[in-house]
Every structure is written in C-alpha cells, then in structure tokens.
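Record features (Swiss-Prot):
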DOMAIN    2-146  domain 'Globin'
BINDING   His63, His92  heme b binding site
Amino acid sequence: VEWTDQERATISSIFGSLDYDDIGPKALSRCLIVYPWTQRHFGSFGNLYNAEAIIGNQKVAAHGIKVLHGLDRAVKNMDNIKEIYAELSILHSEKLHVDPDNFKLLADCLTIVVAAKMGSGFNPGTQATFQKFLAVVVSALGKQYH
C-alpha cells in the first residue's frame, strides 16, 4: 500500500487527537450491540445481555481500549502493517476462531464513533484516508484466513 504524506499526516492527526479510553469502549460496544452475533467471541466478558449491560461492562471497555492501542501500532508502522499484525492474525484465526468479517464490522463502528467525535472535521477526504487505513488493518488481520 502506498501512503501519501497527506494520508500519513491525516492518520497521525486523527489518532493523536483520540481519547482511547473514550473511543475504544464506544466502538467495541457499538459493534457488540449493532451486530449481536459478534458477542459469541466475548463469552468470558460476563453480562452482554442488552445494550446497557454491554456499555457498562468493564471488560468490553478494556478490550476496546486495547484495540485502539493495537491500531496505534499500525499508525506508527504504516509501511509494515501486515508484518506487525502477523501474530495477531494467527491468534484471531487459529486460536480464537474469529470470523474475519467481524474486523470489518468493528472498523465500521470505529469510523462512526470517530466521525461523531470529530464532527465537521471528519470530511470526505479524511474519511477516505481513515477507511483506507482501516481496510489495510482489516486485510492484515484477516491474512491468516486466506
């Protein structure tokens, strides 16, 4: 994947402005609520019976934060995203058996949460760059499935 200087700056700026403790839990909670079949991978997280329970679940919040810190690795290594996610791809495919389509669903939920947070700053150009970045991450995480 080729990245322009503008795209690199946009991704760095977006992630530099995000409060991971806020955005991470919101994105994962949204994914679990909007796509309830994704909950099957989080059985050890306890009560996920309804939206209120999911939003208030500390394990969901902690994992959402962990996901954003994982994305931070990609931000800092934009030229080697597939390589830095190789082990994580193996973990999710071989041990956890996560449906690779779920990565795209979570990426879509993250896009919505970031757009809501950024407001008018999340213009079409910014969105295009953000979604390009997430598409590369999703592809890297799904690499072991192919």
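Any Cβ shown, glycine's included, is placed from N, Cα and C.
Taking the Cβ of His63 (heme b binding site) as centre and 10 Å as the limit, one finds 16 other Cβ atoms among all the protein chains shown. Broken down by DSSP into helix, strand and coil, the domain 'Globin' (2-146) contains 118 helix, 0 strand, 27 coil. Confidence over the domain 'Globin' (2-146), given as mean pLDDT on the 0 to 100 scale, stands at 89.
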